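Asks: To start, I am sharing the structure in question, which I have written as structure tokens.
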Amino acid sequence: MSTLETTDTGQPVDRQETGESWIKKMTGAQSVWILGVLVVIIVFFAITGGRNFFSASNFLQISQNLAVLAVLGVGVTFVIITSGIDLSIGSVLTFSSVIAAKVMEAMGGQGWGTALVGLLVAIVSGGAWGWVNGFLVAKAKVPALIVTLGSLSVALGLAQVITGGIDIRAVPTALADFAAYDKILGIPGLAFVALIVVIVGGIVLHRTRFGRYTFAVGSNEEAARRVGVKVDRQLIYIYLMTGALAGLGATMYLAQFTTTTIAGNTLTNLNVIAAVVIGGTSIFGGEGSMFGTVVGLFIPAVLQTGFVIIGVEPFWQGVAVGIVLVAAVYVDQTRRAAALRGARKNRRAARSAATAK
Amino acid sequence: MTPILEARGLSRAFGHVQALDNSDFDVNAGEVVALIGDNGAGKSTMVKALSGNLQLDSGEILFEGKPVHMTSTQQVAAMGIEVVYQDLALAPHLDPAENVFLGREIPAKGIAGWLGFMDNKQMRRKARASFDELGATVRSMTSPVGSMSGGQRQGIAIARAIAWASKVVFLDEPTAALGVVQTKNVLETIKKVRDRGVAVVLISHSMPAVLEVADRVQVMRLGRRIATYTAADTSVEQLVGAMTGALEVSDGRDAA
């Protein structure tokens, strides 16, 4: 096998394979496999729940509910691909929404001016937390799990200190109306914002140099460093972006609930991480996709509304999601191991064919 | 003839360990120089010093006859010097072309490139061309390199170095993890690179490999270059003797 076969034999092999491997790559991706699971779940509820479940309004409702998690999921997908983790997003979201609400309360207006200032303040305070996370992970070399566990605690604690634990109900009507009534191209406002963030995030991750470096850092940090990728800077940018997206999510939550939700985000981080991992992003870094994250978000959400519609207690959602999470990762790992064995087998076959010649 | 890369009297101590002790080294364009020595003789330290990865206590490095101060890998890469490390330093989840161009992506044309988009087609085509030029069999341009054999990965790592190394390429134990056939392939590759006029520095423990491919052999012991041989006039016994100190060599500079 290997290195020196003449190019004449080497070339056609590759040409055949490019066509083949495109299909292989598609079917090999966890996100495609998990999309099948989502389709099965949707078909199941469509049959058992009928029109109540399988209607445009139900799906619009689901996407509205998912909007904030999707925005957070974009950042967390980047973070997990670098083999990092961000547990702090829920608390950072709470913190940013408190700061933004305070500022908007002080300004007092009900129009878009106040709302945009609030948005900007939320993004900046979220980004600041992200920068702190990134700096500690990249420069101080503290494990991401610990750094973000710390900022989870500090950000939530500060949010409670600032408010005395009492939610602030000071959201401009412009913002609330955007979430409640506005539609862009027939899509509810928040879902539209989330869609844009997901699409831009996906393009950046899969098409740009920034995305390539994200994968490279997660795949082999030392290799990336040696070829001159500025690994520390890359990590700081990614955590900063994730924090800023939590700030955007904070504004979206304010719009949705017209109040801060100090006690309401304790499980947000884990829900987002679960969705990202269900979607096939490897917790060990180096691989993942934005498309997978979206599918991974829909599975718990569809389960929840589906259960409600067919009259199963919604508490079962947690049970089902937990099982899907572990099963998805288990299947993904066995599939990967099999793919590796398959690759070896193919090579052996190719080698014996070559020797036979 | 001026050596393309020359080290004069390099010294570096790590605590009490004198990793480099007033050591010399030189390699000419279009020549394969093997750098051999027992474990801890200072080979890897020498490579680090010559690739901008080591602060020196004293000594001088000359590139194309002019003194240079090597401070970073990027600076050294810009000079046309590349290193293939023993662990290959590939990103296993990326495909061959992505690895070859990692850190040096070709931007897409126009505004898209300015936004960070890349010309993947061109990178893939150029990577393919450099694999073909080396005769490296890379069966799939779309699979992650982590799923490939040691030989293919070695081919990719060497192709990457060659693609960027216009002047000097260092190969640290390129055959250590390879079988007989693959080793032969790598040695053929080394000869091809040399024939293109690039200086190749081969670090290896495999004496037969060294004697097959090298033009000159420089032996290091205890942080110094103790001997330089012309590969054609030397034997495995002689090399091993010089490496271990069993054979007395007066001064490396005159031994050849």
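Here the Cβ of each residue, glycine as well, is placed from N, Cα and C on the backbone.
For reference, TrEMBL lists these features for the protein:
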TRANSMEM  A:32-54  transmembrane segment
TRANSMEM  A:66-99  transmembrane segment
TRANSMEM  A:111-132  transmembrane segment
TRANSMEM  A:144-164  transmembrane segment
TRANSMEM  A:184-205  transmembrane segment
TRANSMEM  A:235-255  transmembrane segment
TRANSMEM  A:267-284  transmembrane segment
TRANSMEM  A:291-309  transmembrane segment
TRANSMEM  A:315-331  transmembrane segment
Asks: Can you name the far-off residues of the same chain, 6+ from the ends of the transmembrane segment (A:291-309), with a Cβ under 8 Å from a Cβ of it?
Replies: 29-31, 34-35, 37-38, 41-42, 44-45, 49, 52-53, 58, 61-62, 65-66, 69-70, 73-74, 76-77, 198, 202, 271, 274-281, 316-317, 320-321, 324
Asks: Is it the case that the transmembrane segment (A:267-284) and the transmembrane segment (A:184-205) touch, counting contact as three or more CB pairs under 8 Å in which the residues of each pair are 6 or more positions apart?
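Replies: Per Cβ check, the transmembrane segment (A:267-284) does not touch the transmembrane segment (A:184-205).
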Asks: Apart from its near flanks, which chain residues at least 6 from the ends of the transmembrane segment (A:111-132) lie with a Cβ under 8 angstroms of it?
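Replies: The answer is 75, 88, 92-93, 95-97, 99-101, 103-104, 151, 155, 172, 174-175, 178, 236, 239-251, 254.
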Asks: Which residues, given as numbers and ranges, are at least 6 beyond the ends of the transmembrane segment (A:184-205) yet have a Cβ under 8 Å from it?
Replies: 60, 63-64, 66-68, 70-71, 73-75, 77-78, 81, 178, 211, 214, 245, 248, 252, 255-256, 289-291, 293-294
Asks: Counting only CB pairs under 8 A, let me know which of A:32-54, A:66-99, A:144-164, A:315-331 has the most with the transmembrane segment (A:235-255).
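Replies: Looking at each of A:32-54, A:66-99, A:144-164, A:315-331 in turn, the most contacts to the transmembrane segment (A:235-255) are made by A:66-99.
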Asks: Could you tell me what the rest of the chain brings near the transmembrane segment (A:32-54), counting residues at least six beyond its ends with Cβ under 8 Å?
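Replies: Residues 26, 278-280, 292, 295-296, 298-299, 302-303, 305-306, 309-310, 324, 328, 331-332, 335.
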Asks: Quickly jot the same-chain residues contacting the transmembrane segment (A:315-331) by Cβ under 8 Å, restricted to those at least six beyond its ends, or write none.
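Replies: Result: 30, 33-34, 37, 274, 277-278, 280, 283, 299-300, 303-304, 307.
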Asks: Please report, as numbers and ranges, the same-chain residues at least 6 past the borders of the transmembrane segment (A:66-99) whose CB is under 8 Å from any CB of it.
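Replies: Same-chain contacts beyond the flanks: 121-123, 125-126, 129-130, 133, 137, 144-145, 148-156, 158-159, 162-163, 168, 188, 190-191, 193-195, 197-198, 201, 205, 214-215, 217-218, 234-235, 238-239, 241-254, 256, 260-262, 264-269, 271-273, 275-277, 279, 281-290, 293-294, 296-298, 301.
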